[in-house]
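These notes are about the structure you will find just below.
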């Protein structure tokens with residue numbers, strides 16, 4: 001017998017469609033979907049890593065490759081992982097600097113989720129002998145003081161892990 005949790009899925013459009021092709025029109029927050037967080041009272045970290053990220057240099061058109069890692073403490077919403085994957089695919093033919101990409105991913109996730117905290121790490125492969133790593137993060141404005149302290153302590157603890165992304 002199959003059992004079911006209280007997860008809300010009725011508004012998800014991408015998951016289960018079999019759609020795997022790169023979206024038209026480039027990256028956009030409209031490609032992302034979210035579902036309700038069943039545990040908004042508890043600060044916990046969600047980490048999503050996309051190790052096959054590719055985009056194009058806006059000057060040369062040469063490919064840039066790397067890993068994009070998103071870490072966040074959800075408030076009311078969580079990002080749906082397949083929509084996140086398709087969002088990442090949308091960068092494949094998009095020309096932009098690595099610094100802009102990392103900050104745009106942060107802003108798009110903040111617009112969609114309004115998380116308590118979010119950090120995006122762009123760990124780009126060396127090109128021309130230079131390795132670029134970009135880190136962008138933001139805390140939610142206006143959290144009650146007690147919640148803010150708990151969130152910041154959770155972030156501090158998460159960041160002190162030796163390698164929180166290793167299985």
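Glycine is treated like the rest: Cβ placed from N, Cα and C.
Here's what Swiss-Prot has on this protein:
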- 1-24: region 'Disordered' (REGION)
- 57: active site, thioimide intermediate (ACT_SITE)
- 64: active site, proton donor (ACT_SITE)
- 79, 80, 81, 98, 99: substrate binding site (BINDING)
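Positions of Swiss-Prot features highlighted on the structure.
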residue	record	CB count, 10 Å
57	active site, thioimide intermediate	14
64	active site, proton donor	22
79	substrate binding site	23
80	substrate binding site	20
81	substrate binding site	14
98	substrate binding site	20
99	substrate binding site	13
Rounded to the nearest Å, what's the C-alpha distance separating residue 64 (active site, proton donor) and residue 98 (substrate binding site)? Just drop the number here, would you? 8
What whole-number value in Å do you get for the largest C-alpha pair distance within 79, 80, 81, 98, 99, the residues recorded as binding substrate? 24
